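To start, the structure under review is shown below, and the notes come after it.
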Amino acid sequence: MLIKLLTKFFGSSNDRTLRRMRKAVELINKMEPDFAKLSDDELKEKTVEFRARLEKGEELESLIPEAFATVREASKRVFGMRHFDVQLLGGMVLNDRCIAEMRTGEGKTLTATLPAYLNALSGKGVHVVTVNDYLAQRDAENNRALFEFLGLSIGINLPGMPSSAKRAAYAADITYGTNNEYGFDYLRDNMAFSPEDRVQRKLNYALVDEVDSILIDEARTPLIISGPAGDSSELCIQVNKIIPRLIRQEKEDSDTFQGEGHFSVDEKARQVHLTERGLVAVEELMVSEGIMQEGESLYSPGNIMMMHHVTAALRAHVLFTRDVDYIVKDGEVIIVDDHTGRTLQGRRWSDGLHQAVEVKEGVEIQNENQTLASITFQNYFRLYNKLAGMTGTADTEAFEFSSIYKLDTIVVPTNRPMVRKDLPDLVYMTEMEKIGAIIEDIRERTANGQPVLVGTISIEKSEVVSDELNKAGIKHEVLNAKFHAREADIVAQAGQPSAVTIATNMAGRGTDIVLGGSWQAEIAALENPTAEQIEAIKSAWKVRHEAVLASGGLHIIGTERHESRRIDNQLRGRSGRQGDNGSSRFYLSMEDALMRIFASDRVTNMMRKLGMKLGEAIEHPWVTKAIANAQRKVESRNFDIRNQLLEYDDVASDQRRAIYTQRNELLDVSDVSETIASIREDVFKATIDGYIPPQSLEEMWDVAGLQERLSNDFDLNLSIAECLDKEPDLHEETLRERIMEEAKAQYQRKEEVVGEEMMRNFEKGVMLKTLDSLWKEHLAAMDYLRQGIHLRGYAQKDPKQEYKRESFAMFAAMLESLKYEVISTLSKVQVRMPEEIEQMEEQRRQEAEHLAQQQLSHADADTEAAQSLSEQTGERKVGRNNPCPCGSGKKYKQCHGRLV
């Protein structure tokens, strides 16, 4: 009651905002005569003047009156269209980080030119976001002349464009594109291998058209780039052949090994490790099988990923047992849960392990797909420094815009009063009665020359109505969402006298339905129209326009209520544009989905007992109100779902931001040697501490284990035991320092072989590849955690808190693994010559090029990558005993192919 009283005296928040902005509108109107006196060149010079003032420190907001007056005057000269006062208000709302609700036909596209121009003056970029490619191209081309007149550049960002074209589009002052493409480009940029591969600039200002569709309806569906996890199945088959020929090394005690085996097994950790003899044997076997060339090493840069397949094949043969760890059913390997003993249908082991087991069992090898990068629209658009949006229907979702995006919704008044008649709903018993009533209504209205737009909630329903119209002999057009350009043409002519158009509720948004049809479309269809033809078309349109107005304007028929009132309002909003006549009515039946939710069988039976006969309808405001209440409940449930998903995704978002920030910092520097040195010290300290605890007695030292670990994981062969025999009083700190010094010395020797510059490039490449690989695995692990976390609720634990806690622990473990993997790889890699480093750089560049062609999709679609991220380069390999390609006359192994 108190709130209502305060609102009555002081006005609502919406009223106060508009009252403040109207003062600026009055100022712009006062400026109009002065700006009209400017020449074209003087008007264009305003852009240069504004930018100069911004560089001197003037605030962007202080330029609003002059900037808007400039755009209004330029629009009058270029388009012959003048911005209405309500459009100026809409432009200010959009600049004010708000959602502008503007009714259909109020000129949202022209309104958007105002904040787009203003925010482009900073030179930081403006992204205009549309729901499809057609609208992006249409709006960009329609507004190009205006912006270029004012000295601004325009870019269009479309799917499939080469990186150079995308970079140019993003470098423009104003860029038009779809929400999907902006999001995918963001993900691709954060998978780039060099700064030059990135296309986007820092995200500055996003102006989202049909904002409710993008930020609400599509909020539950994340954008995903996926790719095959691992190499081709042919490689798995080839590697599988050599595994049975390897011999397991038998462990006698904790310090010594008996025999000369090829691999050791750690059953507790469920891991296998190749011994030095095993490494040589595997390389020889792979050469004999034609998998590798003579003289190659498993640890050469081009073959590092091959080692993963060898390890996976070993684990499949040695550690994983049929009917214990998995079963084979109907030609498919199915994992057995080691806790419950139940099969996990649809789950797959990562890292190529599942493929290795499939090869081992001789079943069909399935393609490995893995999420490479993912983000929701909710989290993507919150990355922008400034976000705003416009739509015809946002007020019903104002709370969600405010709570999730921190965006207030401002209802902008219409230029002319709304006169559309929204008739009460008609409710029938059965679907067929309802369809019959709809056909009869269409027949009556078209007989009077009134155009009709029929909105359905699905393509299937639209086909049912279309079939009935065909039976009735009523000519009509059917719209679907497959062809956006054709869709806009049909919608533009849906206002012709007696026209009947069937569309899903969402179809055709972004195109006005002009009463009498679009005379611009008719002129555009002619080749080189004469002045007489143009005048004749306009005259004919005026006659049709008046006839349609006299018939009652566009009539909207809704075939059933949508779950969301907003979607219903969007359909209604197609009629009554700019003060035109119009009407709308929804036809419902007790068989509709929403009515089944709202009205039980008991209510249906009661309606029958009250004497409701076949073909009769209930028409009462109470029914309409009850249905609106049912819709509110559904909307509330959907909001809870989106909000819950966001809470989970916010955890991943924080981690994503940390990884992407670290990755971009890595891309932007050329020398990471200090980082590598710091990581090396941390890794070796942690490794040594595991075998020689700080401040411990010598009896507690596991010297043999440390020697083996340093040899296997870092290719550092030290005789620590002999050193201790010679110096019995050697202190642990001194021993640590000697190990560290030897590790640094070994690394320095590698650097001397290839040169400092090459080594810096190689370090950077290893860090990037390792980070990407571990991030992919982490994303998969997070998916698995998310799928089962709800079960914690049964243990009286909060699943969200458990998810946050465990995902943080997983993230911390991933960062530790990153350090270890990087140092291990750099320590073990056998650098041969500068040309081989260049080969790895070329391989990375090829991967980046393939990445641009990756298949991109929403999460609820099947995602397969179009290209493999790990395709090999096509360079010819040189045998170790062949002449060196450098022309020295020496053998390759004695020249550029020498090993450390």
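Placed from the backbone N, Cα and C atoms, the Cβ positions cover glycine too.
Those TrEMBL annotations? Automatic predictions, nothing curated.
Just so it is clear, the model here is predicted, and its values are computed rather than measured.
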Self-check item: Listed co-binder of ATP (same site as Gly105, Glu106, Gly107, Lys108, Thr109, Asp512, source TrEMBL) among Gln87, Gln496, Gln520
Solution: Gln87
Quiz item: Within 10 Å of the Cβ of Glu106 (ATP binding site), how many other Cβ atoms can be counted across all chains shown?
Solution: 24
Quiz prompt | Reported mean pLDDT - the domain 'Helicase ATP-binding' (89-247) | solution = 90
Exercise. Could you find out if DSSP has Thr109 (ATP binding site) as helix, strand or coil?
Key: helix
Practice problem: Please work out the number of neighbouring Cβ atoms within 10 Å of the Cβ of Lys108 (ATP binding site), leaving out its own Cβ. | Solution: 23
Quiz prompt | Secondary-structure category, per DSSP, in which Asp512 (ATP binding site) falls | solution = coil
